[in-house]
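*Asks:* Pasting a structure below so you can have a look.
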């Protein structure tokens, strides 16, 4: 199976090797000297580099497909380990074909092209609250823990070397400390690759992953300091140089963070003004973020910290400013680049190892390095956790400490740093490279294989991938305010106090500068919750009737149609429905001309088609159709779903505001609606050409359109957009013939429109399929008991602290029910 599965990859690699040989042999060949015209010429040297890059990307992508063909393999072996093994196999094939290590993971390729998309993806999708809530813990592990691991590993190896167990090596104390500094850092790429498959709880994951990101500053400083000391020589190092090394740590870390924040501010500001160039919005996100990385490298600062904090700080404002299509493009492109870069890194780690020229073996040095990095990692975690648990509210248990100690994975960062060493200054560079590769393979393959069974055996709390309920959000928000108030009253400055102050500062200053005004309104918490409740209630209101079988009764817009609903007719059984559905699916001819269908003699199926057609046309939004738009490089087709959501929201908001106003001022909406209905009816009699001045009552349907003139919009663009949605037509409750109309105003659905005041005798009809305990279905009960509009639903009422509270809204509604006349009244807004 594996031979067949890897066949395409081997064929591509063999073709790559053969073409490389042919290109090497024929690169210097002169063109034909006979002077004749050649129809086809072979120019391998002309496309060699991009062709090889494309082939390697294709091989890496095919490898991911092959690995995931068998879920059993990927559930046991991490994908990073499989990629390293694949790299070893491919590297062996390339070496056997050419005996030259043609393809290796170079530091330039890694640091400038493969690492930035991975770190940007991690920063842009970082859970900010979880990250900053554990920032103190992360910084302690990243700074103190990395220094501890580097110093103890280097000094321990130097002590063993002095004992003579390693034999004769041309290494000094500074060389051992240099090696300890590059091998001590936890690699973010390896941690992401392994821990995302384990699915540990969020706190444990953010601590280990945050440590792997933030220890870059410590690693870079230690590496540069000890490399400079090795260049100067141990005798030339003074105390001033040590002080400069300590100062450089703060400059590198804080400087890289500041560069990232500045570019995040610039990116957020740019995306605020991209309303008319939506198509290039994703380009700004990637280019400006990458510039933050390059700028930090240019200034010798921490580039990983720069691009990480650029993604962390800009995500809130960028997501609010850019369009939905651009946000989707950014999300998928960023994930694609990060996944592809991670795949190439691990595969090239395996390929780079197949090079006999870099291998120098020393058993004592290699084995003791593995022992020391594991032991000192565990000791450092235990000591630091003991200190942290004295101040943390949620303490880290022993099981969490075991996983953190075992999760100290090394990866391509250590390999790239060791390859950068100058062989003239570090005599045993090949020994360091060989040991680093062994450490990377051991941590990624062995620890990656065993960490998942270890987590299951220790019963570590796993992450829950679900959306928190509204009740959980409400209580979490309330607890945040309570804890912030307690800290404020007691005079203590804690996480909740700082978070509350930052939220106020962001709302008053940053959001006004970096975010569009329309985005500020749309991000309002109350309106977001209101919008979610509105959509949920609308969906459940319709679905409730469908489950009960009373959808036709609920959606019937006129009195006559409601009278014509025969509840005594038995409903078809499940078998009949399935047979009917089967026959309908296999019918070849379907009549789509609804006008001719209505005029001719109708069968049962034709009647059903006609009713379904009119129901969908009148009460639901138009389904998506394939429009043929002209090609444009600068514009995208607007998403109709956004208009639908906005229209539902604004229409329901207006009805609830009117309900609130009427309840507060004691205005009887029925009397007001009766006057409006009489005035409209008189106007219709005067203007209509219908004989005797009477309106026909057959097939009546209420058509509603609305123009939101009174809606206060802050910007011209919002008013323009909304006029496009609503159609800009004055609202009139009119009675027209039941024709297949296509109103540009949006929905004309009684579910979202005001209820019709109907004859009580009609509303009192009870469907026969209900049990004695249920007089009417819940959705029908909502129509009958509440006379005015859906805004009187208990869940759709204006915001209250409790469903059980008896406020002015319920009292006003109950008073109106008592005063409602028996005669039906007009439809009103």
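The chain as shown is numbered from 1 upward.
Cβ coordinates come from backbone N, Cα and C, glycine included.
Pasting the relevant annotations from Swiss-Prot:
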COMPBIAS  677-687  compositional bias 'Basic residues'
REGION    677-696  region 'Disordered'
TOPO_DOM  70-77  topological domain 'Cytoplasmic'
TOPO_DOM  319-325  topological domain 'Cytoplasmic'
TOPO_DOM  385-397  topological domain 'Cytoplasmic'
TOPO_DOM  463-829  topological domain 'Cytoplasmic'
TRANSMEM  47-69  transmembrane segment
TRANSMEM  78-97  transmembrane segment
TRANSMEM  107-124  transmembrane segment
TRANSMEM  128-163  transmembrane segment
TRANSMEM  177-198  transmembrane segment
TRANSMEM  201-232  transmembrane segment
TRANSMEM  240-274  transmembrane segment
TRANSMEM  277-299  transmembrane segment
TRANSMEM  302-318  transmembrane segment
TRANSMEM  326-354  transmembrane segment
TRANSMEM  363-384  transmembrane segment
TRANSMEM  429-462  transmembrane segment
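Describe each of these features in terms of where it is and what it packs against.
*Replies:* Averaged over the topological domain 'Cytoplasmic' (70-77), the predicted model reaches a pLDDT of 82.
Under DSSP, residues within the topological domain 'Cytoplasmic' (319-325) fall into helix, strand and coil as 5 helix, 0 strand, 2 coil.
Within the chain carrying the topological domain 'Cytoplasmic' (385-397), a Cβ under 8 angstroms from the stretch's Cβ atoms is held by residues 136-137, 140, 203, 207, 404, all 6 or more beyond its ends.
Within the chain carrying the transmembrane segment (201-232), a Cβ under 8 angstroms from the stretch's Cβ atoms is held by residues 119, 122-123, 127, 130-131, 134-135, 137-139, 141-143, 145-147, 150, 174-175, 177-178, 181-182, 184-188, 190-192, 195, 241, 245, 248-249, 252-253, 256, 300, 302, 304-305, 308, 394, 396, 400, 403-404, 407, 413, 417, 421, 425-426, 460-463, all 6 or more beyond its ends.
Sequence-distant neighbours of the transmembrane segment (326-354) (same chain, 6+ residues past either end, Cβ-Cβ under 8 Å): 56-57, 59-61, 63-64, 80, 83-92, 94-95, 101, 103-105, 110, 113-115, 117-118, 120-122, 124-125, 189, 192-193, 278, 281-282, 285-286, 318-319, 411-412, 415, 437, 440-441, 444.
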*Asks:* When each of 107-124, 128-163, 240-274, 277-299, 429-462 is checked against the transmembrane segment (177-198) for Cβ pairs under 8 Å, which one has the most?
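*Replies:* Ranked by Cβ pairs under 8 Å, first place goes to 128-163.
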*Asks:* Mind checking how the topological domain 'Cytoplasmic' (70-77) divides into helix, strand and coil residues in DSSP?
*Replies:* 6 helix, 0 strand, 2 coil
*Asks:* Below 8 angstroms Cβ to Cβ, which residues of this chain, lying six or more residues outside the transmembrane segment (302-318), approach it?
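*Replies:* The answer is 111, 115-116, 119-126, 128, 131, 188, 213-214, 216-217, 220, 252-253, 255-257, 259-261, 263-265, 267-268, 271-272, 285, 288-290, 292-296, 330, 510-511, 514-515.
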*Asks:* Under 8 angstroms, Cβ to Cβ: which one of 128-163, 240-274, 277-299 has the largest number of such pairs with the transmembrane segment (363-384)?
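*Replies:* Stretch with maximum Cβ contacts: 128-163.
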*Asks:* Apart from its near flanks, which chain residues at least 6 from the ends of the topological domain 'Cytoplasmic' (70-77) lie with a Cβ under 8 angstroms of it?
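*Replies:* Residues 448-449, 452 contact the topological domain 'Cytoplasmic' (70-77) from elsewhere in the chain.
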